[in-house]
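Chemist: A single structure is presented below for examination.
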Amino acid sequence: SHAAEVTAGYYNLHDRDDYRPIARMLTRHHASLNFTCAEMRDSEQSSQAMSAPEELVQQVWSAGWREGLNIACENALPRYDPTAYNTILRNARPHGINHSSPTEHKLFGFTYLRLSNQLLEGQNYVNFKTFVDRMHANLPHDPSVDPVAPLQRSGPEIPIEVILQAAQPKLDPFPFEDHTDLPVQCLGGIGGGEVECPAGGIGGEVQQDPTGGMGGELPPAV
């Protein structure tokens, strides 16, 4: 259902993509598109709400990438569990890691919400540290990847007609893998080892856990 979007003025219908005109407008200002709900799965939402956060993320990411924007995001809810971390990792690199050339579609940045005492306790902190390593593809931080540079001046004004042309035709979003190729693992394997967490792909069934997060910027995903 797109009732909430239409009520808010977003005419994001079956034949119209109302996020891509926003992305096109942002290109004039050399801006990044920062979106939310990166940790959410469809199966965690109430069926009565007819909510599909995974498909929404796909659509918004794709709209931004098609317009040449850098995409950044954050988690909407405080989460500590590997299921949420693995959803974020899948959305950070929808096609996984490309070992032969730079990854075409990946996040430019990620804000993790939020710092709490619960995050720093026991397994929650272990999960978080592993998640940060996975966001870096298990590589050490390279400060030269995103050097600090002066902001660019905004470009010429884009006519509203040109902005609105981006809404139609509505293109299919770029495909996302069902799972991340670098998951955060759950404890519980044979002899106390690690096993992959229950996950499921887009629309898959998972068990939601009590959760939390941290306020701070992680460097761009590899």
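Even glycines carry a Cβ here, placed using N, Cα and C.
These numbers come from a predicted model, not from an experiment.
Found this in Swiss-Prot, in case it helps:
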ACT_SITE  GLU74  active site, proton acceptor
BINDING   THR36, ASN75, ALA76, ARG114  substrate binding site
Chemist: Where does ALA76 (substrate binding site) sit in DSSP terms: helix, strand, or coil?
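Modeler: In the DSSP reduction, ALA76 (substrate binding site) maps to coil.
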Chemist: Compute the C-alpha separation of ARG114 (substrate binding site) from the residue listed as 'active site, proton acceptor', stating it in Å without decimals.
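Modeler: Computed Cα spacing between ARG114 (substrate binding site) and the residue listed as 'active site, proton acceptor' is 10 Å.
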Chemist: Long-range same-chain neighbours of GLU74 (active site, proton acceptor), Cβ under 8 Å, sequence gap at least 6?
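Modeler: Listed in sequence order, they are ASN34, PHE35, THR36, ALA38, PHE110, THR111, TYR112, LEU113.
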Chemist: Go through THR36, ASN75, our binding-site residues, and report the one whose Cβ sees the most other Cβ atoms within 10 Å.
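Modeler: Result for the most crowded candidate: ASN75.
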Chemist: Tally every other Cβ atom lying within 10 Å of the Cβ atom of ALA76 (substrate binding site).
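Modeler: Here the count is 15.
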Chemist: Among THR36, ASN75, ALA76, ARG114, listed as contacts of substrate, what is the widest Cα spread in Å, to the nearest whole number?
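Modeler: The two farthest binding residues have Cα atoms 14 Å apart.
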Chemist: Return the count of C-beta atoms lying within 10 angstroms of the C-beta of ARG114 (substrate binding site), excluding that atom itself.
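Modeler: A count of 14.
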